[in-house]
Amino acid sequence: MASSTVESFVAQQLQLLELERDAEVEERRSWQEHSSLRELQSRGVCLLKLQVSSQRTGLYGQRLVTFEPRKFGPAVVLPSNSFTSGDIVGLYDTNENSQLATGVLTRITQKSVTVAFDESHDLQLNLDRENTYRLLKLANDVTYKRLKKALMTLKKYHSGPASSLIDILLGSSTPSPAMEIPPLSFYNTTLDLSQKEAVSFALAQKELAIIHGPPGTGKTTTVVEIILQAVKQGLKVLCCAPSNIAVDNLVERLALCKKRILRLGHPARLLESVQHHSLDAVLARSDNAQIVADIRRDIDQVFGKNKKTQDKREKGNFRSEIKLLRKELKEREEAAIVQSLTAADVVLATNTGASSDGPLKLLPEDYFDVVVVDECAQALEASCWIPLLKAPKCILAGDHRQLPPTTVSHRAALAGLSRSLMERLAEKHGAGVVRMLTVQYRMHQAIMCWASEAMYHGQFTSHPSVAGHLLKDLPGVTDTEETRVPLLLIDTAGCGLLELEEEDSQSKGNPGEVRLVTLHIQALVDAGVQAGDIAVIAPYNLQVDLLRQSLSNKHPELEIKSVDGFQGREKEAVLLTFVRSNRKGEVGFLAEDRRINVAVTRARRHVAVICDSHTVNNHAFLETLVDYFTEHGEVRTAFEYLDDIVPENYTHEGSQGHSRVPKPKCPSTSIRKPASDQESGQETRAAPRHGRRKPSEKPPGSHVQSQHSSSANGSDRTGGPDRTEHFRATIEEFVASKESQLEFPTSLSSHDRLRVHQLAEEFGLRHDSTGEGKARHITVSRRSPASSGSVAPQPSSPPSPAQAEPEPRAEEPVTVVQAHCPVQLDLKALHLERLQRQQSSQAQTAKGQPGGDSRPQKASQKKKKKEPKGPVMALPCEEDFDALVSAVVKADNTCSFSKCSVSTTTLGQFCMHCSHRYYLSHHLPEIHGCGEKARAHARQRISREGVLYAGSGTKDRALDPAKRAQLQRRLDKKLGELSSQRTSRKKEKERGT
């Protein structure tokens with residue numbers, strides 16, 4: 001062993017750990033000194049206003065207390081937080097700063113948190129159900145001390161079973177050639193070829209083997225098989241992982257195989273299903289359990305006698321007896337522990353739980369033959385050295401393409417602390433020590449292909465059983481547009497759904513994306529997908545809180561977490577909200593590629609990504625994700641979900657050719673495969689953009705595509721000139737004929753209908769979309785002289801603004817475009833089409849008549865009877881552009897109220913809800929028709945900030961009954977004290993007289 005190599009490695013690791021420790025301590029100190037309790041809660045390290053919901057005695061006399069948020073509604077959930085099972089927490093009274101007790105968090109759900117307190121707290125801890133408490137995550141000194149001790153042991157390690165392994169792991173020597181092993185008889189007969197090869201490889205290696213398991217490839221199944229085969233060969237196995245959850249997962253799997261297993265660790269940190277395998281539980285069932293209990297009872301009795309006697313000689317005798325009893329107790333307990341450890345085939349613990357200051361110190365140094373470290377890529381390298389020093393061979397399993405070890409210090413992470421042992425060894429030794437699992441059993445082919453190409457060099461494939469499965473294949477789920485696509489991109493670019501810019505907060509939120517998530521989940525649930533099969537993943541705690549406020553009451557089974565909370569998990573459908581939407585193009589820690597990989601690969605059948613492509617495309621990796629979804633999935637704009645959004649490029653300025661924001665290069669329309677083509681397998685979408693995968697090269701199960709627009713002139717955004725020319729030729733034939741109406745089939749996609757709308761406007765024809773869902777179709781007809789839906793081409797000179805027609809009524813949407821000029825109907829046309837569809841539906845409901853063409857005719861007749869005031873321009877052709885500009889300027893400087901023509905140049909206000917200007921007498925939202933939107937906005941703001949503003953209503957001052965009763969008791973107690981003081985003073989006066 002090269003001592004210089006070991007010393008330099010240990011020195012570097014100790015320095016990095018010191019940086020991490022200092023950063024953690026400084027962070028905690030800064031939080032407590034400069035952050036309010038509410039800010040601590042927003043950071044996820046504190047839970048406020050908790051009430052005791054239940055108390056019970058847990059395993060081995062521990063006191064388990066369950067806390068819940070104070071209930072002000074039917075269903076209250078905990079705010080988004082970073083608490084996990086096993087964390088050390090401090091308990092505080094809400095009205096005091098002193099710490100009441102320290103406990104271990106055993107379980108946390110969306111509605112409650114359970115903490116285990118030791119027996120020592122039973123006498124001092126008196127929790128009142130009517131009081132409120134808070135929990136604060138505390139720094140764990142034990143872990144840091146154990147990591148430091150392991151590195152110092154490595155530095156002093158000269159001879160022992162792990163000497164050769166240490167040289168290989170630190171690069172002083174190379175791994176030995178693999179051994180020849182006989183053919184294996186596998187316990188699990190369903191293993192695929194790559195899994196069997198990985199098992200054989202791990203057993204044949206003499207010192208080091210690495211099992212690389214991408215998402216869904218059955219890594220844990222392979223690790224369990226390796227452990228079983230090692231036990232079959234008579235080897236003693238120490239199995240570790242960085243987290244309690246990962247260890248318990250292995251315990252559950254091994255317990256099914258009827259092997260003798262022993263789980264080390266605090267019982268409060270273990271899952272209830274594995275607690276009977278813990279060391280404490282095994283000791284309680286051992287032969288020495290009764291003897292140990294008798295010795296403890298004798299010690300208690302001698303203590304009692306010692307307190308009662310006053311004789312010094314007797315006290316001395318009692319102390320000597322207690323000393324002897326304690327010595328016997330220690331010997332008996334150690335003998336029982338050694339017996340339990342040696343009787344086990346597999347000993348399991350966390351990396352730090354395998355330290356030498358625990359039960360393993362009772363075993364010989366060379367007791368274990370092999371160490372298995374699962375989820376090694378998530379562990380700090382220093383923590384892996386705790387178990388690695390106990391055996392001559394190690395098997396590492398994990399995926400260094402997923403989440404790295406969690407660190408606080410950015411400086412330490414950049415210096416190498418976030419680089420795992422597995423990642424370092426895989427890069428150094430390559431295929432000589434690594435075997436990759438290549439068949440995944442989780443994801444649809446389209447989902448898998450992106451992860452395979454982006455992160456794993458295209459090396460793993462889908463098993464046929466999952467390659468084509470979709471949500472619609474689940475029992476009770478109907479075939480809808482949402483359940484038949486594996487990939488869905490909902491693009492918010494140009495829709496004005498910007499992220500929240502919270503001051504003094506590092507967290508981000510996006511209420512617009514929350515609304516989109518809510519609508520998409522409702523569509524999935526309506527189709528029959530169970531809420532428990534859906535996961536919503538957000539990168540920021542603030543967004544998680546907003547999502548829970550919107551969804552948890554209606555869908556309590558729905559899981560809403562950050563990316564870190566879903567590592568190793570899977571769901572049938574996953575919705576990703578990227579949150580970031582800003583004009584600077586900042587993506588924050590979305591730039592961490594491995595986090596995105598984890599988020600996408602949690603899904604089995606359906607992934608929906610909600611993002612602003614204009615923002616996220618500033619990061620190369622995210623751009624590849626958007627491009628892949630665009631090419632192989634379905635792309636929709638946010639306007640297909642939200643009717644009341646005014647896009648950023650849909651402004652008065654934009655109509656003058658001076659858009660306030662650059663035109664997004666993301667797709668703005670949804671391109672879907674019609675139902676008839678879905679059944680026949682025919683493709684109706686446009687050809688892909690140059691440089692992308694062609695339709696024939698698409699993976700199985702991939703869906704239709706939409707292309708980015710590289711032009712800004714509103715041309716066809718999906719390529720597809722053949723389809724456009726086909727529609728143009730059809731309309732030209734109709735114009736040349738004597739027919740009055742042309743109907744297009746229902747098989748047209750929404751984007752095809754958009755093309756027809758554009759062409760109809762260009763030819764000056766009337767165009768209406770009627771019907772719902774698959775029955776929706778578009779009808780093109782000739783304009784009647786009285787029709788004023790949009791301006792037809794006019795050979796004569798354009799009319800002046802003074803001669804323009806009166807503005808149509810607000811409830812009669814009118815598409816105003818420039819004839820024979822480049823039209824930009826993208827999002828605006830789609831929005832107007834949706835409005836027309838809604839009004840048509842309302843007219844059918846009111847009159848009980850089919851929509852068809854009756855609505856435009858009645859609108860025209862109604863307009864003849866009563867023409868409201870308000871100038872509107874008939875847009876001229878490009879020959880007289882000055883008239884167009886003057887008309888638009890005049891309209892922009894006139895009150896937008898339907899019966900008002902007062903100028904707003906001097907006295908006017910802009911409405912944030914409808915993006916129009918109004919005179920002062922009409923600017924209130926309740927007057928011009930935005931009352932509901934204003935109230936909704938106020939409610940949302942109050943809910944988010946927790947502050948009542950002037951005009952937002954009166955605060956409910958009614959006290960909670962429990963709180964009122966508590967205050968009443970305090971008042972009665974105080975009055976009693978004052979009354980007794982008055983009585984005593986009165987008696988003193990009487991005595992004085």
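Every residue gets a Cβ built from N, Cα and C, even glycine.
When S176, S797 are looked up in Swiss-Prot, the one carrying the note phosphoserine is S797; the rest have no such note there, which does not rule it out for them. Just one of Q402, Q530, Q543, Q549 is listed by Swiss-Prot for the same ATP site as G213, P214, P215, G216, T217, G218, K219, T220, Y441, E570, and that one is Q402.
Scan Swiss-Prot for phosphoserine across S784, S800 and the hit is S800.
Of the candidate ranges 39-88, 89-138, 289-338, 889-938, Swiss-Prot annotates residues 889-938 with the feature zinc finger. With helix defined as DSSP H, G or I and strand as E or B, the zinc finger (889-938) counts 19 helix, 6 strand, 25 coil.
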